[in-house]
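Feature list (source: TrEMBL):
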type	residues	note
DOMAIN	16-76	domain 'Helicase-associated'
TRANSMEM	132-158	transmembrane segment
TRANSMEM	170-192	transmembrane segment
TRANSMEM	212-231	transmembrane segment
DOMAIN	216-309	domain 'CAAX prenyl protease 2/Lysostaphin resistance protein A-like'
TRANSMEM	243-263	transmembrane segment
TRANSMEM	269-289	transmembrane segment
TRANSMEM	296-319	transmembrane segment
Amino acid sequence: MAMEDGSSRKSFDQLERRWMANYEELRSFRATKGKLPLEAGVGSEATLGGWLRNQRRRHKRGRMPAWQADLLQRIPGFVWEPAVGAWWVKLELLRAFLEREGRVPRYRAVHAGERELAAWVHKQRHFLCVVAFLPAVMGWHVLIPALGGALLLVANLVHRPWRQIFVPHTSPFVVASIVMVSVGVAAFQLLTSAPRQSSGSLEWSVLPGQEYGPLAVIAIVIVASITNATFEELLWRVGLQRLFAGRGWLIAQWLLLSVIFGLSHVNGTPGGILGMAFAGLFGFVMCIIREVSRGSVIWIIVVHFVADVILIGGVYGIFIW
């Protein structure tokens, strides 16, 4: 019995020493590489990444001794969310691809893995402009709707016949304009999302709702598009336009509002110089469509909704699944 106890203790000590050796290797890897190992890595990194995955599983299920959990929790990044971990796996795959091929992955590649990686890179490029602007606009989520509501209230008090703007007026020109604008937005989205020759910056984790799957993402895109289209048209093409009513040449008013509308998209979707120019042109066309619709906002909201579905859907990548 004593011999059996001694043998068991010896085996247990060996397991502890092996575990500590792996732990020290993990800590050294984190200190030298600045990241944790991944199973998608090469050689010893893949082995260490597999060991790390097993430790996370044991920790999550509560099957780990307290002293082991305490040691592992001291390593930055050990407490891990699957969606974030999947993002890092993709990043490592992209790095390996760039080192191996010397170029970014392409949509039209023969290999399915390269096409999937190209779709992921496409999403990160669109996310970047949003991420860069978020810290600067944290307070605007309240200020902008409040400002828009105040302007709409003033416009409604000054111009009483409010309900007339929701009466739909259709004509062949209106229908043709809707089709042309929708095609133009789709073409713009295709051109600006085409693969480039440099990978750019890729600092993003996960968009809201993305972890819940395609159906949740589609619902988010639709709700966001309806909300944004309705609010922006009531603000820019109704509220502000009515405040300028009777103050000079109509075309000059449209141009002024369209320029301001374009500038407001410097960090929006679309963003940048090209995005501002496109948004300004889009705003001017919306003014024209509303004019030929005899002041109705129904069709410009519909067109804006379609445009937002294309643009916001492009950010989430719903058209390349």
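The backbone N, Cα and C atoms fix where each Cβ goes, glycine too.
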Taking residues 6+ outside the transmembrane segment (170-192), which of them lie with a CB under 8 Å of any CB in it?
-> 270, 274-275, 278, 282, 285, 288-289, 292-293, 299, 302-303, 306-307, 310-311, 314
Which residue counts does DSSP give the domain 'Helicase-associated' (16-76) for helix, strand and coil?
-> 43 helix, 0 strand, 18 coil
Tally the residues of the domain 'CAAX prenyl protease 2/Lysostaphin resistance protein A-like' (216-309) by DSSP class, grouping H, G and I as helix, E and B as strand, and everything else as coil.
-> 75 helix, 0 strand, 19 coil
